[in-house]
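Each remark here refers to the structure printed beneath this line.
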Amino acid sequence: MTADIKIVVTGAAGRMGRTLIRLIHETEGLSLAGGLEGEGSPYLGTDLGTLAGLAQPTGLAATADALTLIKDADALIDFSVPAATLEFAALAAQARIVHVIGTTGFEVVDEEKIKAAARHATIVKAGNMSLGVNLLAALVRQAAKALDGQWDIEIVEMHHRHKVDAPSGTALLLGEAAAEGRGVALEDVSARGRDGITGARKAGDIGFASLRGGSVVGDHTVVFATEHERITLGHIAEDRSIFARGALKAARWGQGKGPGLFSMADVLGIE
């Protein structure tokens, strides 16, 4: 019999952490190896089953001791903040385990540190773990390649009022897909935060607009607009469990893989 994949969850008391704990508990072939919370969290010492609303306690308490948990795990699923993710990446690299990164908001220097960690660990990193969004990215890439420069590209995203970064990681993922389709670097054509008298739209730009409010899980729309017509591609996330399920799929996929930096497109086999 194949042993269960032992998974550590970061941000165990958060919305994604609790969802992951519930799904791991329900899924055959997976076992919960522990849950991490930051120093000073009021949830430290709380049973993970209690945090996730399970009928029975798990016997595992939320802890800040990442080293102890990670060294005995098979995978780390990480929806946290960039500073914490960089620390976890170093530990995952030392332990040679699968590190699934759903954290967003990284700076360029952070991305370089993650690439360095991927020389020793299997890292699956994505701005969005859902099948639907990754299929959308493939469609956006194809559309951007097929349509000429007369078509303007704008990306609009909306999330709940508590989200702290903008544009969302998913919006950037879609922007990267559009830029790849056009054969350009996103950082060279990205247009964000338009306000006041900005002048006419620059040809070739990929624009971003971010909305925040309510409890929206995630809405993303990519608009291709030219004279007299418009193409709209989009995705609506109705339940954050889609991201958790994708992360668990990535953790399974990464078992037995060598070191490297992978995406959900790799996991899902999407070109």
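Cβ coordinates are placed from backbone N, Cα and C, and glycine is handled just like the others.
As given in Swiss-Prot:
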type	residues	note
BINDING	G11, A12, A13, G14, R15, M16, E37, G102, T103, T104, A126, G127, N128, M129	NAD(+) binding site
ACT_SITE	H159	active site, proton donor/acceptor
BINDING	H160, G169, T170	(S)-2,3,4,5-tetrahydrodipicolinate binding site
ACT_SITE	K163	active site, proton donor
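This view paints the features noted in Swiss-Prot onto the structure.
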residue: G11; record: NAD(+) binding site; CB count, 10 Å: 25
residue: A13; record: NAD(+) binding site; CB count, 10 Å: 20
residue: R15; record: NAD(+) binding site; CB count, 10 Å: 14
residue: E37; record: NAD(+) binding site; CB count, 10 Å: 23
residue: A126; record: NAD(+) binding site; CB count, 10 Å: 27
residue: N128; record: NAD(+) binding site; CB count, 10 Å: 27
residue: H160; record: (S)-2,3,4,5-tetrahydrodipicolinate binding site; CB count, 10 Å: 14
residue: K163; record: active site, proton donor; CB count, 10 Å: 16
residue: G169; record: (S)-2,3,4,5-tetrahydrodipicolinate binding site; CB count, 10 Å: 20
residue: T170; record: (S)-2,3,4,5-tetrahydrodipicolinate binding site; CB count, 10 Å: 27
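Within 10 Å of the C-beta atom of T103 (NAD(+) binding site) sit 24 other C-beta atoms, taking all shown protein chains into account. Between A126 (NAD(+) binding site) and T170 ((S)-2,3,4,5-tetrahydrodipicolinate binding site), the C-alpha separation comes to 8 Å.
In the shown protein chains, 25 other C-beta atoms lie within 10 A of the C-beta of the residue listed as 'active site, proton donor/acceptor'. Secondary structure from DSSP puts H160 ((S)-2,3,4,5-tetrahydrodipicolinate binding site) in coil. Note on proximity: among G11, E37, T103, N128, H159, the recorded positions of the record, the Cα nearest T170 ((S)-2,3,4,5-tetrahydrodipicolinate binding site) is that of N128.
For T103 (NAD(+) binding site), the nearest neighbour among the listed recorded positions (H159, H160, K163, G169), judged by C-alpha distance, is G169. Nearest to H160 ((S)-2,3,4,5-tetrahydrodipicolinate binding site) in space, judged by Cα atoms and limited to the binding-site residues A13, R15, E37, is R15.
When the Cα of K163 (active site, proton donor) is compared against those of the binding-site residues G11, A13, R15, N128, the shortest separation belongs to R15.
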